[in-house]
Amino acid sequence: MACSATTKPLLNLEISQSHRPKKPLPLFFCSFTNRPRLSPKTLCSQAKDYCKIDIFSSPSLFCSRKPRFQVAAQRDYSSGEEAESLGPDSAYQERFSWSSVILPFLFPALGGLLFGYDIGATSGATISLQSPELSGITWFNLSAVQLGLVVSGSLYGALLGSLLVYPIADFLGRRRELIIAALLYVLGGSLTAYAPDLSVLLVGRLLYGLGIGLAMHGAPLYIAETCPSQIRGTLISLKELFIVLGILLGYFVGSFQINAVGGWRFMYGCSAPIALLMGIGMWSLPPSPRWLLLRAVQGKGYLQEYKEKAILALSKLRGRAPGDEASEKQIEDNLLSVKSTYVEQESEGNILEVFQGPSLKAFIIAGGLVLFQQITGQPSVLYYAGPILQSAGFSAAADATRLSVLVGLFKLLMTWIAVVKVDDLGRRPLLIGGVGGIALSLFLLSAYYKFLGGFPFVAVAALLLYVGCYQISFGPISWLMVSEIFPLRTRGKGISLAVLTNFGSNAIVTFAFSPLKELLGAENLFLVFGAIALSSLLFVVLYVPETKGLSLEEIESKILK
């Protein structure tokens, strides 16, 4: 027994010495100039050995002097979608300057802002486009189906873009994907602005939507893979805020141009300069270092060449000297963790895995949330805010668009509250309270159209209640839970299916709103949406778990098993 007590710590010491410095100093103080270069063969061999170490059976790893690099450091870089911030006891805290973080976040986030801008601009453009005096065209008399195609055209493009990018995303890389998205935004926005007839207008809307599909896939991946781990969750949560900022910007532009002849052209065309800025910005940024390492591990080129590119990319992202020692050490550790993950997995799996076992349970939760997010009428309220306010008594186009700006400001405020409070209050309380408020607001809208027509401010109050409740529930929390709930093995495919579900249901609801409103009447349509909202409340109460405070591994082991 005495011998056993002395050998085990020695073994632990030998293991830890082979993978980290003797003293757990912060990364930026360490020197790694004498560290030997590892060949791909040696690196792979070490990765295999590293994976087989049963660190959890070693008590010395959990003593008071905790090492800087544990298995959590592997988890931190094992998935691009993983936005979990690791504490100082489980992984090192990287030193960074906020000035070096802003641009790698801002330029990808402009892709989300342009998505939101399309929603806000369309609200005013639908009024301008159908006005005999202000449209500036002879084909302004659009049918309900034609109007539905104009409004939902970008969403069908986004759905198509999501389908197209799924098999080629790893080939393109996050940076090139976002550059292509920016080009599609510029082309789509410009074509829509100068459209001589309806068919060209619809083509422009489709191209713009292709940009949305690529941007909404590439932006969160680039942000997650390039920002420091300790602020990753915050930055990804702010993506929803940028979408809301885009909606608000679209409302502002619509309010200023609503009385101009052909104002709808300016509303749609104003997106092109922003998209051009996004494209130039992404061109100036380096590729994602983790994507470069993935290409190396996948055997798409020489490992050493990709590793050197990744070191230079990380140095540029952090504002350091090219090829500095800290970046080199971080890339070597990242490469080891990425390679060990691939060694552990015999294959990448197939799409059917999402519909099996724990992944199926996760898809029911995530897919249900993004589906109810759309079929409770959210696209209709946002895209048709202007027309709804007009029909609610604010007949002047300028009055309707100014009130749309008020709706956008309120939406921005409530989104910020949700981002700040989601980790304090939890997911379920915000979802239950928010969805209940959505149902109430939809019944209020129905009641207004039925027998409260003499009180137009009821419609405004109902819209504000809807927007506020949506932004503290379905808005940010649906996508937060989508990123949390899937097991690591199927996370990429599961999130892709959730995105497809979102854009598909969004496009259908947006397209169907105008014809259904004509067929059923606004009062009955909002009554239907209210009934669906009650069903979604029941779904949340019965099926959606609370994930606050749980790590991704705990969600997989405690909730999905």
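Glycine residues also receive a Cβ, built from the backbone N, Cα and C atoms like all the rest.
Annotation source TrEMBL lists transmembrane segment at 96-117, 137-166, 178-196, 202-224, 236-254, 266-285, 403-422, 429-449, 455-482, 494-513, 525-544. The domain 'Major facilitator superfamily (MFS) profile' annotation in TrEMBL covers 104-548.
Tertiary neighbourhood of the transmembrane segment (266-285): same-chain residues 103-104, 106-108, 110-111, 113-114, 117-118, 121, 124-125, 128, 175, 178-179, 181-183, 185-186, 189-190, 192-194, 204, 208, 211, 250, 253-254, 257, 260, 316-317, selected by CB-CB distance under 8 Å and a gap of 6+ residues from either end. Counting C-beta pairs under 8 angstroms (sequence separation of 6 or more), the transmembrane segment (403-422) reaches the transmembrane segment (455-482) with 3 or more such pairs. Ranked by number of Cβ pairs under 8 Å to the transmembrane segment (525-544), the listed stretches 96-117, 178-196, 236-254, 429-449, 494-513 are led by 429-449.
Note: the stretches the transmembrane segment (137-166) and the transmembrane segment (429-449) are not in contact (fewer than 3 CB pairs below 8 A, sequence gap of 6 or more). Counting Cβ pairs under 8 Å to the transmembrane segment (236-254), the stretch among 96-117, 178-196, 202-224, 455-482, 494-513 with the most such contacts is 96-117. Tertiary neighbourhood of the transmembrane segment (178-196): same-chain residues 107-108, 111, 114, 154, 157, 161, 172, 203-212, 214-215, 218-219, 222, 265-266, 268-272, 274-276, 278-279, 282-283, selected by CB-CB distance under 8 Å and a gap of 6+ residues from either end. Remote same-chain residues near the transmembrane segment (202-224) are listed as 80-83, 104-105, 108-109, 111-112, 114-115, 118, 149-150, 153-165, 169, 174-175, 177-178, 180-185, 187-193, 195, 232, 235-236, 239, 268, 271, 275, 288, 483, 496, 499, 503 (criterion: CB distance under 8 Å, separation of at least six residues from the stretch ends).
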